[in-house]
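Engineer: I have a structure I would like to understand better, so I am pasting it below and will then ask my questions one at a time.
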Amino acid sequence: VQYSHKSIAAHDRYKGIIDAFIRVPKEQGFFSFWRGNLTNVMRYFPTQALNFAFNDLYKSVLLEKLNRNEHFWKYTFRSLAAGGCAGSTTLCFVYPLDFIRTRLSVDVGTHKTNRDYTGFIDCLRKTVRSEGVAGLYRGFFISIQTYFIYRAVYFGMYDTIRHFVQEDKRNLHFVSSFFIAQGVSICSAYLTYPWDTVRRRMMIKGTLSTKRAFSAAKRIVLEEGVRGLFKGALANIFR
């Protein structure tokens, strides 16, 4: 996201993960690594609780009286739809927290006087004042797309690989299941990262004048090339 800050000169940008780890504590203080983390913690618990609750609700509607063995593809598709709908509904409630977390995490500066926001409440108040309540939902629709695509890629790849490597169709060894899940998670995160890049850029104040995801993606590609959509992907995978 450093490329979204026009005030950061090219020679001042981080060269990579190692360079960022060395320079951040020197330039912004050690605890800058956790900037916005409190908001992230506040977001995590309601996200998980609502996801499970809504997922069960949508499954009870979409998968009612549907046998997985008899209608495998229909069951799989509806299960993905249920998960996507659950995630989308959850986002309606917790998206502002993710929005504020993103703005706080990129609010660089060595002191509070150098930053745009002093904390969660200040960021919330200033955003609503300047952009309205709708401003807290910038990038919301592409976030829904990202969630749907991630789930489709993840579960589609996971079920397909399991089908080919599983000798006993009833059980899969824990180690095999673990490595399959990790591999699929990495692939899914990498394939959907361009969507995540666009939505993050749309969240950050003053970076993209457009409110349309396609226009935002086009601008990133024109200014930074296709690689611009994947900047930070490696750090995201490690996370």
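The backbone N, Cα and C atoms fix where each Cβ goes, and this holds for glycine too.
Checked TrEMBL, it gives:
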{"type": "REPEAT", "residues": "1-61", "note": "repeat 'Solcar'"}
{"type": "REPEAT", "residues": "74-164", "note": "repeat 'Solcar'"}
{"type": "TRANSMEM", "residues": "135-154", "note": "transmembrane segment"}
{"type": "REPEAT", "residues": "172-239", "note": "repeat 'Solcar'"}
{"type": "TRANSMEM", "residues": "174-193", "note": "transmembrane segment"}
Engineer: Do any residues of this chain, six or more beyond the ends of the transmembrane segment (135-154), have a C-beta under 8 angstroms from a C-beta of it, and if so which?
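Structural biologist: Beyond its ends, the transmembrane segment (135-154) has Cβ neighbours at 80, 83-84, 87-88, 91, 95-96, 98-100, 124, 127-128, 184-185, 187-189, 191-192, 195-196, 198-200, 202-203, 211, 213.
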Engineer: Over the repeat 'Solcar' (172-239), work out the mean pLDDT and round it to an integer.
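Structural biologist: When the pLDDT values over the repeat 'Solcar' (172-239) are averaged, the result is 82.
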Engineer: Just to be sure I understand, if DSSP states are collapsed into helix, strand and coil, how many residues of the repeat 'Solcar' (74-164) fall in each?
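Structural biologist: Per-class counts: 77 helix, 0 strand, 14 coil.
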